[in-house]
Amino acid sequence: MYAENYKRFLELIEKLREFEGALIVEGLRDEVALRNLGVRAEIIRLSRLPLAEIALIASRYREVMILTDFDRKGEELAKKLVSYLEGYPCRVDVETRRELKRIAKKDIKGVEELYGLYMKVVSVSDPQLEGFQ
């Protein structure tokens, strides 16, 4: 990750921590990584149920964030989820995933690796990052 992206990466992690809706991830390792980052929001794992059921559960929340992996499969899952959620009144956030992918795709392939990357970023002693650690 380029040094100029460190601050934005940490801002996105803070956004995840403060998120109050439902986060949709692919599996248990993704959920564990997010919990390690301090995320307290409801986390729904795709590995447990069909997409239509996931969408129905997620639709009960005012806001839903899709946080699938950054590979082709994750991209396809995100698109399918967006289409399943279109008929529901919840707000769907895919921008956070897109921005994380843009910033971190050279370093990680998916959500389960976010915590490791976070630890690397906060270990960098940069005065501009003060207050984010």
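Going from the start of the chain as shown, residues are counted 1 onward.
From the backbone N, Cα and C atoms, a Cβ is placed for every residue, glycine too.
Per Swiss-Prot, these features apply:
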BINDING   Glu26, Asp69  Mg(2+) 1 binding site
BINDING   Asp69, Asp71  Mg(2+) 2 binding site
DOMAIN    20-100  domain 'Toprim'
Surrounding CB atoms that lie within 10 Å of the CB of Glu26 (Mg(2+) 1 binding site), all protein chains: 20
Least Cβ-crowded entry, counting other Cβ within 10 Å, from the binding-site residues listed as Asp69, Asp71: Asp71
DSSP-derived helix, strand and coil totals, residue by residue, for the domain 'Toprim' (20-100): 40 helix, 15 strand, 26 coil
Separation of alpha carbons, Asp71 (Mg(2+) 2 binding site) and Glu26 (Mg(2+) 1 binding site) (Å): 12
